[in-house]
């Protein structure tokens, strides 16, 4: 089966015409096959909508910008496509770095999701390939979050396959798909206006699973809900044992635009009344108003989101008085300056 790669309304309408014709013909000529088809779509829809499933948790440590104990949850998720060939990138979706309590310690937790087939083949069946997958995930975390992670790691034993808060974990992954899901639903609503409705037990399932119905021979496209972006050029090391060559690893963006990490500077300065302050200057090219910025400051760190353009997370070198923070945006230079006093 081929996936629909073109997510435009016109393309979906054209392909929907073929699908509806196919279903009408199938319902008339072979009611049994029609029922089997609908049942299959409903079963696949349930699998597709399941949340990510934790399979393994790896402990390492952040080395810079600050030392922290780091846990990486490895998960399988049907919404992440598998590589088309062994030479293609290995798609991955990752969450933000989150500070959480682990007993009396404060640790950093993040999660990465792969297609279930990758987890099964590389994460469980072969120790060598599992090691390569873990190292690639560590390199991905470093590049995605501008941090330095120790290459030393250990897989948590026993029945520990997950660290953190499960509710936050699911919300983090759902956030990755909410924009494209909304866009997809809007196009599906448009389809319902243009074509006669399907039977009540099939319509929603067919619409939700539309991306997986065979309507084209173009197998080179990704599922529209999971359209891939340019990823990181990390090759799996070749093996002398004659095993198949693994591909690269790439970030899968669930929206049409991938956020970038803006350039910034951080310095400790003396402010009014000789109070020590942390001053962060962020260059936001293309941003014209502070209204486009969403800034969140805590005593330990700051997070900045700018629509679908920029995303920045900085750990402060010292604890700060977050409720005394100030921010100024220069329209002329497109520079956002954040000033926050440190704790005495």
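Cβ coordinates come from backbone N, Cα and C, glycine included.
In TrEMBL this protein carries:
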DOMAIN    32-167  domain 'PIH1 N-terminal'
DOMAIN    272-341  domain 'PIH1D1/2/3 CS-like'
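In the predicted model, the domain 'PIH1 N-terminal' (32-167) shows an average pLDDT of 87. Under DSSP, residues within the domain 'PIH1D1/2/3 CS-like' (272-341) fall into helix, strand and coil as 9 helix, 38 strand, 23 coil. Broken down by DSSP into helix, strand and coil, the domain 'PIH1 N-terminal' (32-167) contains 47 helix, 45 strand, 44 coil.
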